[in-house]
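Pasting the relevant annotations from Swiss-Prot:
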- ALA2: N-acetylalanine (MOD_RES)
- 39-79: region 'Disordered' (REGION)
- LYS50: N6-acetyllysine (MOD_RES)
- 52-79: compositional bias 'Basic and acidic residues' (COMPBIAS)
- 61-112: coiled coil (COILED)
Amino acid sequence: MAEPDYIEDDNPELIRPQKLINPVKSSRNHQDLHRELLMNQKRGLAPQNKPELQKVMEKRRRDQVIKQKEEEAQKKKSDLEIELLKRQQKLEQLELEKQKLQEEQENAPEFVKVKGNLRRTGQEVAQAQES
């Protein structure tokens, strides 16, 4: 290699370059981290530097496998379990319908409620007269 020309000149006006400080050698924490990474690399435990797309694809594959296992478990359900699920769904539907009816009745205008009360009292009077 060729010698730099600033070594030959003894010009005091020039600023001579100084050797840069190596951060690995100066910091104890950095040295420990570097040593640990080298040991892990030798053992084959290096952190996986996979691209983001590859990580997403692996996650999707795992999710698909889990989903397939759940579906297979559902397919293996007995007739009793299937019937119980159907009944539970019917009960939930009935409860929802009752709630909707109650909400409709509560939200109905006052004159509709009064009309219903008058109709009921009229029917009760008619039944009382017949008996």
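Placed from the backbone N, Cα and C atoms, the Cβ positions cover glycine too.
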Neighbour count, 10 Å Cβ-Cβ cut-off, for LYS50 (N6-acetyllysine): what number do you get?
11
So what's the mean pLDDT when you look at the coiled coil (61-112)?
89
Provide the three-state DSSP residue tally for the compositional bias 'Basic and acidic residues' (52-79): helix first, then strand, then coil.
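The counts are 25 helix, 0 strand, 3 coil.
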